[in-house]
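Engineer: Annotations per TrEMBL:
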TRANSMEM  6-25  transmembrane segment
TRANSMEM  32-51  transmembrane segment
TRANSMEM  71-89  transmembrane segment
TRANSMEM  101-121  transmembrane segment
Amino acid sequence: MAGIKALVGLSFSGAIGLTFLLLGCALEQYGVYWPLFVLIFYILSPIPTFISRRISDDTDSSSNACRELAYFLTTGIVVSSFGLPIVLARTSTIQWGACGLVMTGNAVIFFTILGFFVVFGGGDDFSWEQW
């Protein structure tokens, strides 16, 4: 039952994050949909971690090159998703208020993705592979 509560909580926080993103695009004073390109970063961010967990051995060594590379790539994707709205706002493609809403949505979505890996990535009897 705890897994269902965690799944509902994660889906609720994901909906909140997407709401911030869409508010940054769809409000009448902003009205530009360029910030929706951060959705690509939301899709790409967990992929290196999924791949590294699939192909790396599960030894408890202090360093695993595959996982370290996955963390590096994920960090680059996350930083890029925070940088894109700033670049769009600096070039006056979007307004700064829209940039703030998109950045808030980014933070909520990436904490949701982190929560997913914390809750369902432990490797115990209840994992993300069941879903």
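Placement of Cβ uses the backbone N, Cα and C atoms for every residue, glycine included.
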Engineer: If you count Cβ pairs under 8 Å, which stretch among 32-51, 71-89, 101-121 touches the transmembrane segment (6-25) the most?
Structural biologist: 101-121
Engineer: Could you tell me what the rest of the chain brings near the transmembrane segment (101-121), counting residues at least six beyond its ends with Cβ under 8 Å?
Structural biologist: 3, 6-7, 9-10, 13-14, 16-21, 23-25, 27, 30, 35, 38, 42, 45-46, 49, 53, 78, 81-82, 85-86, 94, 127-128, 131
Engineer: For the transmembrane segment (71-89), what are the same-chain contacts with Cβ under 8 Å, counting residues 6+ beyond its ends?
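Structural biologist: Non-local partners: 24, 34-35, 37-38, 41-42, 44-46, 48-49, 95-96, 98-99, 102-103, 106, 110.
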